[in-house]
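Asker: Found this in TrEMBL, in case it helps:
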- 49-67: transmembrane segment (TRANSMEM)
- 88-106: transmembrane segment (TRANSMEM)
- 112-134: transmembrane segment (TRANSMEM)
- 155-174: transmembrane segment (TRANSMEM)
- 194-212: transmembrane segment (TRANSMEM)
- 224-244: transmembrane segment (TRANSMEM)
- 256-276: transmembrane segment (TRANSMEM)
Amino acid sequence: MFIVEMLKSIIFGIVEGITEWLPISSTGHLILVQEFLKYKDQNAAFMEMFNVVIQLGAILAVVVIYFDKLNPFKPGKTAREVQKTWQLWAKVVIAAAPAAIIGLPLDDWFDAHFYNFISVACMLIIYGVAFILLEKRNKTVEPAITNLDRLPYKTALYIGLFQVLSLFPGTSRSGATIVGGLLNGTSRSVVTEFTFFLGIPVMFGASGWKILKFIIKGNTLGFGQFFLLLVAMGVAFGVSLYVIRFLTDYVKKHDFTIFGKYRIGLGVLLIVYGIFKAIF
């Protein structure tokens, strides 16, 4: 029976690794998958913590892929390169600040009121439409910011403010930041890469916060639960290594329209399923 539970962890890890970086909402997909593949005998507190902490596997992939670029202490870097690295981190911190200031105190409230099929579906559809409309506009508008080194601090803050909107389940953290960047004249490649980096403090912070709340509420993590979480994180890490590279190459030649259409389709599917479940 434990092997079956481990296979579920592998599936959850695959879903997380794919959907964390593509702007299609990891929450929306995890809700749908867990509707049919629930862990046996796992309480709500563990699942709430699991759905966030699994993201650590995904974010570690960013650290591995971009370690040299993100490491200001890398031997051989020139003074100018070190300065650029610190400036990048400053922009990441500035962009992450709104999510920390607004997100932490309101996290439980958003989960309590919007963590359901209909709310998630609506966010999927709304941002799906936003992607389609933005890309239609961008066919006639050239991006003003095409180099990450030249991303202004105020634009980083602007993108960070959009990230706060991802508190609504189904929005997609990457989806919200990409929309914010596109609206502010940032190229697809620049905003995609910045979204990867912005996930580092945000996901580590969110995971730490969920673990802390899990412990404060008197919950304990058994060995079996820890193993299931570790497997899911490991798979999410491996899948993310591929997905991050795929998306980086994809946005150099394509736009986000296909993701907008996919979001709308998934949102409609969730609404239909939610209504069907409520009736029957």
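FYI, residue positions are counted from 1 along the chain as it appears here.
Placement of Cβ uses the backbone N, Cα and C atoms for every residue, glycine included.
TrEMBL: automatically predicted annotations, no manual curation.
Describe the structural context of these features.
Answerer: Listed by sequence, the residues of this chain that lie at least six past the ends of the transmembrane segment (49-67) yet keep a Cβ under 8 A from its Cβ atoms are 12-13, 16-17, 20-21, 26-27, 30, 42, 196-197, 199-200, 203-204, 206-207, 210-211, 213-214, 219, 228-229, 232-238, 240-241, 244-245.
Long-range contacts of the transmembrane segment (88-106) within the same chain, counting only residues at least 6 positions beyond its ends with a Cβ under 8 Å from a Cβ of the stretch, are 69-70, 72, 148-149, 151, 153, 156-157, 159-161, 163-164, 166-167, 177, 194, 197-198, 200-202, 205-206, 209.
Sequence-remote contacts of a segment are chain residues at least 6 beyond its ends whose Cβ falls under 8 Å from one of its Cβ atoms, and for the transmembrane segment (112-134) they are 23-25, 27-28, 31, 168-172, 175-176, 178-179, 182-183, 256-257, 259-264, 266-271, 273-274, 277.
Panel annotation: around the transmembrane segment (155-174), residues 19-28, 31, 91-92, 94-99, 102-103, 106-107, 110-111, 114-115, 119-124, 127, 145, 180-181, 183-186, 191-192, 194-195, 198-199, 202, 263, 267 of the same chain, lying at least six beyond its termini, place a Cβ under 8 Å from a Cβ of the stretch.
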Asker: At a C-beta cut-off of under 8 Å, are there same-chain residues at least 6 beyond the transmembrane segment (224-244) that contact it? List them, or none.
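Answerer: Same-chain contacts beyond the ends: 2, 5-6, 8-10, 12-14, 16-18, 20-22, 39, 42, 46, 50, 53-62, 64-65, 196.
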